[in-house]
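These come from Swiss-Prot:
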type	residues	note
TRANSMEM	78-98	transmembrane segment
TRANSMEM	110-130	transmembrane segment
TRANSMEM	136-158	transmembrane segment
TRANSMEM	163-182	transmembrane segment
TRANSMEM	189-211	transmembrane segment
TRANSMEM	216-235	transmembrane segment
Amino acid sequence: MATINSHLREPERVNLLSDHDDSDDDEVHVKRNPQMWPMSMASSAHAEAGIVDADGILPGCVGKANRMIRIAFLRKVLGIVGFQLLFTIGICAAIYNIPNSNQLLQKHAWIVFPNLLGSIALIIALHVYAREVPLNYVLLAAFTAVQAVTMGCVVTLFEAKVVLEAAVITGLVVASLFAYTLQNKRDFSVGYASMGSLLCVLLWAGIFQMFFMSPAVNFVINVFGAGLFCVLLVIDLDMIMYRFSPEDYICACVSLYMDILNLFIRILQIVAEANK
């Protein structure tokens, strides 16, 4: 076994922005594919068979395409996510500036539950119709609107200074993580399997905190959550490039958008605790 393993090629990744073309690689190994979102027609057969190449990369993914396709995909995804974030900021600002909005929303807290159900329904619809143009854009717009209203309800619970500071910190962190991931050749998807367990830990810690209401524990949970979503953002960006086809831009946008919102919520609570 030692002799055989010594001849196996180590996984190699390239700078996603560099000029290379691995579309002619033939070497494949059978491996379970963890991708949850649908892939292109060209690569779905490989996904169903669990086939990836020697680098652990799905054939037909963005990372295996030429530089022009990679850059075009990134521009499209980041452009859509940027529009989603700007729209969300606008809705949050509009809700925040409603007179006595925080008291109104606390009095009618039930408004959050229809948003939650709507988000779940739209996530399912986006999964099914991810490549059905223009329906996928309509569903994405509706999903963004629902999330924007939800975020608007959240930010009304905090002072404007805290919200602005958290938004700036989140923007700097996200930009740094994007730059690091796109320029790095490491395989970040190896940590994907452990994310589910860590998210469960975060969920149960949040439930625990609801009953005991300890400021110190709440701060630790939020710091842990912020770190977790930073790692998840890096992993998702890596998965998007090496487990998604160029046709899966809608799924990519949803993944990144939700990661950024979750990171913002954690940073918002950390900043609020620090300013007390």
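Positions of Cβ are set from backbone N, Cα and C atoms, glycine also.
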Hey, which of 78-98, 110-130, 216-235 has the most Cβ-Cβ pairs under 8 Å against the transmembrane segment (163-182)?
-> 216-235
Given 110-130, 136-158, 216-235, the one sharing the most C-beta pairs under 8 Å with the transmembrane segment (78-98) is 136-158
